[in-house]
Amino acid sequence: MLDLKRIRTDFDTVAAKLKNRGVSEDTLTHLKELDEKRRALLVQSEELKAERNIASAAIAQAKRQKEDATQQIADMQKVSADIKTIDNQLVAIDQQVTDIITVLPNTPHDSVPVGADEEDNVEIRRWGTPRDFDFEVKAHWDLGEDLDILDWERGAKVTGARFLFYKNLGARLERALYNFMLDEHIKEGYQEIITPYMVNHDSMFGTGQYPKFKEDTFELADTNFVLIPTAEVPLTNYYRGEILDGKELPIYFTAMSPSFRSEAGSAGRDTRGLIRLHQFHKVEMVKFAKPEESYQELEKMTANAENILQKLGLPYRVISLCTGDMGFSAAKTYDLEVWIPAQNTYREISSCSNTEDFQARRAQIRYRDEADGKVKLLHTLNGSGLAVGRTVAAILENYQNEDGSVTIPEVLRSYMGGETVISPK
């Protein structure tokens, strides 16, 4: 959530930054007008309360002296009625301010490229060279069926579209991947966490999914619970409402969890395969950092995600998302896109973001600065390290062989009991 004081004092800068994120200046102007009206009413309310206190003291004195206080009482009752009217107006204005400010996206960092959509994203670097196949490559969904390791038909029967069963070495490959990912992140100083897979609505508000993106989630009927769309939500909210010791920062968390997404706006997109599912495993990284260190921590987090792809030998590129393509809470985002041979393109496999104090303000996560003793909002960062199902897809396609088998990447073999290849039955 943005700082209302910043909007008030640096309106033109905030308006210009949010314009690049598709927010109309009229919206901010309306918010500013509401804020000005609210502040004026607060002044009136305080003046009337002071007047009421004086009148109350005068009435008490008149009664002690057995004087007639009828007029003073009538005057005080009118003042009290005026205060109530103003307070009701303030409640209504506060709600309007909340309705606007809670759906405003974060302001982009100055280094973020300006653009309308993914076509305006900027490639930063590439790693690895896509393999030159001398046979016709298969898509990962066909490989999965031919190898009897992915069962889409029964997934659809048991649950519905965009669900599947992992079987045999497919299940072991998935498990090997997330164990490998967690182990690599732990080496980099991340604390492993097993989170709840359901969170309450306050947690969804804290990380920015609510109220704007409710339709993208699975809520449990007649409860305050939501299935997590990413472990970012419980990990970030771990410290919601707390004040941390500045000497402890930065703090690194990692967790593997299922992620549940309705994919409300994705009808007709990626209807086959592991790219877009309602339920999938993902290893998440979350950081809590001091403001002056957060962008250095973003670079480190991105490198941690890249490390996984490099050790798996998967070609990828790093993209800096433009203002029009970033997520709601992000101030800056790097996407990692892995090479998918059957599609002859790169597809997103990780997204690493610095939200600055946007989530921390919503969730009230603060720290006490050891330098001056003041309590301040910290910065939160999050990143995929990696989306496990998409990594399975990338391995199946990049490591496929002409005979229909798939070679298991060397770094995963110790996690799979020494298996070196997945062969057709």
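Indices start at 1 and increase along the chain as displayed.
Just so you know, glycine gets a Cβ as well, placed from its N, Cα and C.
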Could you look at Glu174, Glu184, Glu284, Glu337 and say which one Swiss-Prot places alongside Thr230, Ala231, Glu232, Ser384 in the L-serine site? Glu284
Distance, Ser350 (ATP binding site) to Ser384 (L-serine binding site) (CA atoms, angstrom): 5
Are there any residues in the same chain, six or more apart in sequence, whose C-beta is under 8 angstroms from the C-beta of Glu348 (ATP binding site), and if so which? Asp335, Leu336, Glu337, Ala387, Arg390
What does DSSP call Ser350 (ATP binding site) in the simple three-state scheme? strand
Please list, in sequence order, every residue of the chain apart from Thr230, Ala231, Glu232, Glu284, Ser384 whose Cβ lies within 8 Å of the Cβ centroid of the L-serine site. Val233, Leu235, Ala255, Ser257, Ser259, Lys282, Val283, Met285, Val286, Asn382, Gly383
Tell me the Cβ contacts of Ala231 (L-serine binding site) under 8 Å, same chain only and six or more apart in sequence, or just say none. Ile193, Thr195, Ala255, Met256, Ser257, Ser259, Lys282, Glu284, Val286
If you count other Cβ atoms within 10 Å of each one's Cβ, which of the binding-site residues Thr230, Ser262, Glu263 has the most? Thr230
Rounded to the nearest Å, what's the C-alpha distance separating Ser351 (ATP binding site) and Glu232 (L-serine binding site)? Just drop the number here, would you? 12
